[in-house]
Amino acid sequence: MKWFGVLGLVTLSECLVTIPLVKIKSLRENLREKDMLKEYLEKYPFRLTHKLLHKHADSGVAFEPMRNYLDIAYMGIISVGTPPQEFQVIFDTGSADLWVPSIYCSSPACSNHNTFNPLRSSTFVASGQPIKLIYGTGKMSGFVGYDTIKISSLVDRNQAFGLSVEEPDKILELATFDGILGLSYPSLSVKGVTPVFDNLWNQGLLSQKLFAFYLSRKGKKGSVVMFGGVDPSYYTGELHWVPVSKPLYWQISMDSISINGKVIACDGGCQAIVDTGTSLLLGPQDAVLNIQEIIQARRSTSGEYFIDCDAVNTLPDILFTIDGIGYPVPANAYIQKDAALGICFSSFEGNEDISNNSEEWILGDVFLRLYFTVFDRENDRIGLATAV
């Protein structure tokens, strides 16, 4: 272990920079209220294999399934340029690039979001490099520029980012957020582009090469992402460290998923991505269908799995065992309620592309609201502790 072990994490917590995150209405909720969810789920099924196995086809193209952002619920504010222009972005550990809408974008998705005007920034430098992020539902295309990015008190100079010129995706039009700030490994970014976190570290702006998330369960406020240190007041007990199994995504090995001592999924071990850009618990279709049956969730005409809201008081915890440590997810976490419609639904979602022989999961915000999470790039590991 490097010099900044657990004690280092605590003693250097005063050096960290904390960015507030605000809980927002998810795209799923917006689609459900507009009676568009069924059509969307049928037309754009999520493909987890794309997220796990993608390799860049060329220097300017990256594949990111927009389905991943259907349930995103937290965003924070950054600014771009001099003087600063503000944007609401998703801090996403499941992708690596930063992009925001630009004034050159004429798509409907750009007309109702903040757009960056490079002509009003004295520090903007155009690169001429095209960029295309291909989603499960469409694409975001544009070009790469360089400018000053401000994240709370951090001033990230000469940062490469994407400026959208075309956003034909209907989901981006309905999104509350303006853009995405990726926090995954550089190997996932568009070739030649240094991600924000790496640029911050290279400029000596961080005391430790790590960041952490606390996602509050107490309403819209209280959630934070912190850079360069860890604030122990956000968790109880000790951090348990899990090695990253594949430094592309924040991917780890998981031992099993069980209820009352009986393994119900991930039997014999599997892989899991810890992903702040996903809200639900995603896994192989067969395994998830088995879990839906166990918790008595019923498939609706929209394709979602609904459940009796009173079941939250009777259903058991579901235990995710990671590196020998059990992380229980209680019913009040894996059952979510749409307050506007007064209905409850399962937080598990299946993916038809994955067979049980190559079982992979994504642990999204349902899991992360329960467990404070540290993403340690120096040691390629993830730290988990019970969130306060």
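Just so you know, glycine gets a Cβ as well, placed from its N, Cα and C.
The feature active site is assigned by Swiss-Prot to Asp92 (among others). In sequence order, Ile72, Ile180, Leu181, Gly182, Leu183, Ser184, Asp275, Thr276, Gly277 make up the list of same-chain residues 6 or more apart from Asp92 (active site) whose Cβ falls under 8 Å from its Cβ.
In the three-state DSSP classification, Asp275 (active site) falls within coil. The local packing around Asp275 (active site), expressed as other Cβ atoms within 10 Å of its Cβ over all shown chains, amounts to 25. Annotation source Swiss-Prot lists active site at Asp275 (among others), citing sequence analysis.
Within 10 Å of the C-beta of Cys105 (disulfide bond) we count 22 further C-beta atoms, all protein chains included. In this structure, Cys105 (disulfide bond) belongs to neither helix nor strand by DSSP; it is coil. The disulfide bond annotation in Swiss-Prot covers Cys105-Cys110 (among others) and rests on similarity to another entry.
What Swiss-Prot records for Cys266-Cys270 (among others) is disulfide bond, and it gives similarity to another entry as the kind of evidence. Its Cβ placed at the centre, Cys266 (disulfide bond) has 25 other Cβ atoms within 10 Å. DSSP assigns Cys266 (disulfide bond) to coil in the three-state reduction, placing it in neither a helix nor a strand.
Same-chain residues at least 6 positions away in sequence with a Cβ under 8 Å from that of Cys344 (disulfide bond) are, in sequence order, Phe306, Ile307, Asp308, Cys309, Ala311, Val312, Ile335, Gln336, Lys337, Asp338. Per Swiss-Prot, disulfide bond is recorded for Cys309-Cys344 (among others), and the stated evidence type is similarity to another entry.
Annotation source Swiss-Prot lists domain 'Peptidase A1' at 74-385.
If you look up Swiss-Prot, you'll see Asn356 marked as N-linked glycosylation site, on the strength of sequence analysis.
The signal peptide feature in Swiss-Prot is assigned to 1-15.
Geometry remark: Cys105 (disulfide bond) versus Cys270 (disulfide bond), CA distance 42 Å. Reduced to three states, the DSSP call for Cys110 (disulfide bond) is helix.
Each of the disulfide-bonded residues Cys270, Cys309 was scored by the number of other CB atoms within 10 Å of its CB, and the largest score is that of Cys270. For the pair Cys270 (disulfide bond) and Cys110 (disulfide bond), the Cα-Cα distance reads 39 Å. With a 10 A radius on its CB, Cys110 (disulfide bond) counts 22 other CB atoms from all the protein chains. The DSSP secondary structure for Cys309 (disulfide bond) is helix.
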